[in-house]
Amino acid sequence: MVISLNSCLSFICLLLCHWIGTASPLNLEDPNVCSHWESYSVTVQESYPHPFDQIYYTSCTDILNWFKCTRHRVSYRTAYRHGEKTMYRRKSQCCPGFYESGEMCVPHCADKCVHGRCIAPNTCQCEPGWGGTNCSSACDGDHWGPHCTSRCQCKNGALCNPITGACHCAAGFRGWRCEDRCEQGTYGNDCHQRCQCQNGATCDHVTGECRCPPGYTGAFCEDLCPPGKHGPQCEQRCPCQNGGVCHHVTGECSCPSGWMGTVCGQPCPEGRFGKNCSQECQCHNGGTCDAATGQCHCSPGYTGERCQDECPVGTYGVLCAETCQCVNGGKCYHVSGACLCEAGFAGERCEARLCPEGLYGIKCDKRCPCHLENTHSCHPMSGECACKPGWSGLYCNETCSPGFYGEACQQICSCQNGADCDSVTGKCTCAPGFKGIDCSTPCPLGTYGINCSSRCGCKNDAVCSPVDGSCTCKAGWHGVDCSIRCPSGTWGFGCNLTCQCLNGGACNTLDGTCTCAPGWRGEKCELPCQDGTYGLNCAERCDCSHADGCHPTTGHCRCLPGWSGVHCDSVCAEGRWGPNCSLPCYCKNGASCSPDDGICECAPGFRGTTCQRICSPGFYGHRCSQTCPQCVHSSGPCHHITGLCDCLPGFTGALCNEVCPSGRFGKNCAGICTCTNNGTCNPIDRSCQCYPGWIGSDCSQPCPPAHWGPNCIHTCNCHNGAFCSAYDGECKCTPGWTGLYCTQRCPLGFYGKDCALICQCQNGADCDHISGQCTCRTGFMGRHCEQKCPSGTYGYGCRQICDCLNNSTCDHITGTCYCSPGWKGARCDQAGVIIVGNLNSLSRTSTALPADSYQIGAIAGIIILVLVVLFLLALFIIYRHKQKGKESSMPAVTYTPAMRVVNADYTISGTLPHSNGGNANSHYFTNPSYHTLTQCATSPHVNNRDRMTVTKSKNNQLFVNLKNVNPGKRGPVGDCTGTLPADWKHGGYLNELGAFGLDRSYMGKSLKDLGKNSEYNSSNCSLSSSENPYATIKDPPVLIPKSSECGYVEMKSPARRDSPYAEINNSTSANRNVYEVEPTVSVVQGVFSNNGRLSQDPYDLPKNSHIPCHYDLLPVRDSSSSPKQEDSGGSSSNSSSSSE
């Protein structure tokens, strides 16, 4: 890579300016301050090897061609191209989870700590009693304290104080942990309640509920078990039958009378009754007794308490309930009711006469003398007449005597109050005024006449006669139906008394008492009401406030002028004044007039005799005495009444100095804005000022494609399919593109979205910046181009077939044939002879000579051998001469990745003295182009140590330390030239970097400070850029290549710019992936040790370099300014041996 000195200095100035402008105010000692790497791009010129087929000549045994043979080899020349290099710088900011607060970084909690404080990112320290990620959750019932970490010790459902952990016992428990129940006889909260249970019941310690003993129930166990229940909680069913009652505790049955047994299921045996069947029955004539009461149940034909009597005459059967059916004097049997007939009769009921009807006598020859209509029959033997009911007499021709009726007129009538009795049935016919079966009930009030069927017409509580319905009037009434009051001036019964009331007093028609007219009093209403009273009986008191008394009859107040109302307590109504408020006011604009004299009292904002004029401009209020405020956005002076400013549309506030609140517009801010999508509403005319990215009258339309910003006036400049933000025009690049406008491809070694994916291509293959697909270089294949072309193929895509013969090998890149011994030619198809030649040690092309070269004579062999020896000797002398001016210490090229940077860089290997135990730094090179420290004019102090080192001063300046270098081995004093890597601005570990992201191993105040140190005497050191000649290294130390396939390296040397490649001895122990090597420090130091071997790490391959396994390095420049230059001593010897 080649960068000019001016470009380098400009870039340093740019970085310094950037650091000064963006210096972080954060306290770097704050443990919460972190650093991160940010990338930026610079345009650089990089070199790359360009292969070509080189034809050269060498000595051989071909006598026909005068011992000169043509050879082919693939050589590379350095070409240049421009590219972008991604560089990195360190920037300080708050660590993730923290935010800036002054100079400190304080933790940030996404969720606000509701009951606590934020002590770490998204970590809240909660107050006692609170938990959860944001301390918003109260402790559950089992935990207390900060973050609810302490477990509660409360028992039996007690509540735990979330702050102190103290137990609040549930009802029924006590103690520190609520582990004890309430004492016997107490219950409830804090065991303060006294139990009220009775009959030996126990009390529940929580609720106070009574647990009753067997046989009791009720809230307080005060009741016995209900019938049919007994035992604990009255849950057991009584087994007693037939009405037996069980004991409420034991359940033992107490049987009713007539039953016995354990469950009262056995009736008393015959002849026994009573409780427990303990009594003996006393019934006669075959009667049985009731087992419960002992009452006798008589057999048919008997009656009496103990069944000792026969049925009465005319009855028979069970309970003597049957009536005998015997007629004509027949007698019936008291048991069965059978009839025993008298003489002259026969039949089951003695109903049959032995003589024909109407005859009697022994021979039935006599005619009966009875009245036939009133007679049942005459006796067949004696001729005696049997009268029908209601008739009597010897021949049944007489009615019953008054007061009697029925069969033989034996029954006595029950009619009362002069009622008539029917002689046959005894039915009563009541006299007027009575009713009922026996006519003993007088007519109800309001009825009269026969059977009380007529309704009375008397009124006003007059008494109605039950006989004829005539009315007897009460005092004060008269008339047929007592509906007419006594005439005025009369009173009493019959209205025959005269009233004595005066002054219009009314007389009571009942008792003649006077009811005075309003305003009068006295027994005869002869006295007027006293002052202050009025109305009936002068019982009302005048209620007047501003009056000259009240009317004695009506109580109306006589109001004074200016007052009105029922009580004269109201000022004259608005618009009225004077006596009785009878005069109208002439005041205007809402003014009021004095009720006494009618003078106008103007309302606020008006003036004048009748208040007809408004306040003068600039004044308002009562009597126009107040001055208007200074209205800002108003249409004129303030309102003459209220003093409020009349705001223009879009303004509000007392002084119209406030814009309408968001979302409102217009006069008095009454309108509602319709702007959407965060659009700002104009408070005056409602027009919308749209948020960037939106347009339209209400900002509801997004910007058209390819436009952005306010009113979508800007045109998007995004390329390669990038999405353009309508808000700020920011380009969201598609995969494979980056840059402000997505015009730049991903940097070398990166691809995909945001260029975040790392390319995996090897062997200099190109990585597609979009998909990451590898485009292999000539001679390679595979997904990551990790494989060489298979044997027999070469070229791009390995599509070309090798044309090499005679077991020769084919170069997988160019197809050049490498002949087997004894063969030559482009295709190895020509026979040759083997000679010993001094091929350039860097060439990979070997010459194969045919086996028949031994046919040459001994003379030719001797001649060639001598020539070869002379040629080698000449080469050795020339090489020694060229090496005299070179440094004894040569820089080695080392590739050391750090932080997994893909576009690999080159470093100059060396040893860094670690001050204060600091870690080593790593430096990176994208392309083989270098900065070089130029010569220093004066010599430093030296000692006998063969070493050149680069050290850091305490102010982090980079110096070349030469005090330990042997002056006899290192050439001129001015050779303080060292190679700086192209991106020396990068840093390694964070503690080796400055606040602006530059590697302190390289940066200092000025390289001129080198001469100020007491141990240094050099000066005029500056940065320069130069391209150095090739140099060839033979047998370098152990390599750490990315792939074991590469075995050569190239350095520039002044002798031959087209030097072929030298074979390098690889070590299998170093075959590992260089991208996983930890960052190391690489500075300038001596390459060779005393034993002539390299003492530094080998060359590693960059992952995305087009250089196939070699690197260009700028060696230390030769200087002829010192007289000690020719003193090569052992230095030249070491250099020569190492070179060879």
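Here the Cβ of each residue, glycine as well, is placed from N, Cα and C on the backbone.
Given the structure is predicted, the values throughout are model-derived calculations rather than measurements.
Here Swiss-Prot flags 1-25 as signal peptide, drawing on sequence analysis.
For CYS60-CYS69 (among others), the entry in Swiss-Prot reads disulfide bond, with the evidence type sequence analysis. When secondary structure is read from DSSP and collapsed to three states, CYS60 (disulfide bond) falls in the coil class.
The disulfide bond annotation in Swiss-Prot covers CYS113-CYS124 (among others), and the record cites similarity to another entry as its basis. Long-range Cβ neighbours of CYS113 (disulfide bond) (same chain, at least 6 residues apart, Cβ-Cβ under 8 Å): CYS124, GLN125, CYS126, ASN134, CYS135.
Taken from Swiss-Prot, the feature disulfide bond covers CYS126-CYS135 (among others), and the record attributes it to similarity to another entry. The Cβ neighbour count for CYS135 (disulfide bond), using a 10 Å radius over every protein chain in view, is 25.
Annotation source Swiss-Prot lists disulfide bond at CYS298-CYS307 (among others), citing similarity to another entry. For CYS307 (disulfide bond), the same-chain residues 6+ apart in sequence whose C-beta sits under 8 angstroms from its C-beta are CYS283, HIS284, ASN285, GLY286, GLY287, CYS296, CYS298, SER299.
As annotated by Swiss-Prot, disulfide bond applies to CYS320-CYS332 (among others), with the evidence given as similarity to another entry. CYS320 (disulfide bond) falls within a helix when secondary structure is assigned with DSSP. There are 20 other CB atoms within 10 A of the CB of CYS320 (disulfide bond), with all protein chains counted.
Summarising the annotation, Swiss-Prot assigns disulfide bond to CYS409-CYS421 (among others). On its own chain, CYS409 (disulfide bond) has GLY390, TRP391, SER392, CYS400, SER401, SER423 as residues at least 6 apart in sequence with a Cβ closer than 8 Å to its own Cβ.
Annotation source Swiss-Prot lists disulfide bond at CYS456-CYS464 (among others). Look at CYS464 (disulfide bond): DSSP puts it in a strand. Taking a C-beta cut-off of under 8 angstroms and a sequence separation of 6 or more, CYS464 (disulfide bond) has the following same-chain neighbours: LEU445, GLY446, TYR448, CYS456, GLY457, CYS458, SER470, CYS471, THR472.
The annotation domain 'EGF-like 9' is assigned in Swiss-Prot to 491-526. Averaged over the domain 'EGF-like 9' (491-526), the predicted model reaches a pLDDT of 87.
The disulfide bond annotation in Swiss-Prot covers CYS559-CYS568 (among others) and rests on similarity to another entry. In three-state terms derived from DSSP, CYS559 (disulfide bond) belongs to an extended strand segment.
Summarising the annotation, Swiss-Prot assigns domain 'EGF-like 11' to 577-612 and lists sequence analysis as the type of evidence.
Residues annotated as disulfide bond in Swiss-Prot: CYS587-CYS600 (among others). Around CYS600 (disulfide bond), a 10 Å sphere centred on its CB holds 20 further CB atoms from the protein chains shown.
Taken through DSSP, the domain 'EGF-like 13' (713-743) splits into 0 helix, 8 strand, 23 coil. According to Swiss-Prot, the feature domain 'EGF-like 13' maps to 713-743.
What Swiss-Prot lists as disulfide bond is CYS755-CYS767 (among others). DSSP gives CYS755 (disulfide bond) a helix state.
Around the Cβ of CYS776 (disulfide bond), the number of neighbouring Cβ atoms within 10 Å comes to 23. In the three-state DSSP scheme, CYS776 (disulfide bond) falls into the coil class. According to Swiss-Prot, the disulfide bond annotation covers CYS776-CYS785 (among others), on the basis of similarity to another entry.
According to Swiss-Prot, the feature disulfide bond maps to CYS819-CYS828 (among others), an assignment based on similarity to another entry. Cβ neighbour count for CYS819 (disulfide bond) (all protein chains, 10 Å cutoff from its Cβ): 26.
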Could you give the Cα-Cα distance between CYS600 (disulfide bond) and CYS568 (disulfide bond), in whole Å?
22
Measuring Cα to Cα, how many angstrom lie between CYS69 (disulfide bond) and CYS320 (disulfide bond)?
175
Specify the secondary structure state of CYS409 (disulfide bond) as given by DSSP, simplified to three classes.
helix
Reduce the DSSP letter at CYS113 (disulfide bond) to three states and note it down.
coil
Going by C-alpha distance, which of the disulfide-bonded residues CYS320, CYS776, CYS785, CYS828 is nearest to CYS60 (disulfide bond)?
CYS828
Can you name the residues of this chain that are 6 or more positions from CYS755 (disulfide bond) yet have a C-beta less than 8 Å from its C-beta?
GLY736, TRP737, THR738, CYS746, PRO747, HIS769
Please classify the secondary structure at CYS819 (disulfide bond) using three-state DSSP.
coil
If I take the alpha carbons of CYS559 (disulfide bond) and CYS785 (disulfide bond), what is the distance between them in whole Å?
123
Tell me, how many other CB atoms lie within 10 A of the CB of CYS828 (disulfide bond), whichever protein chain they belong to?
23
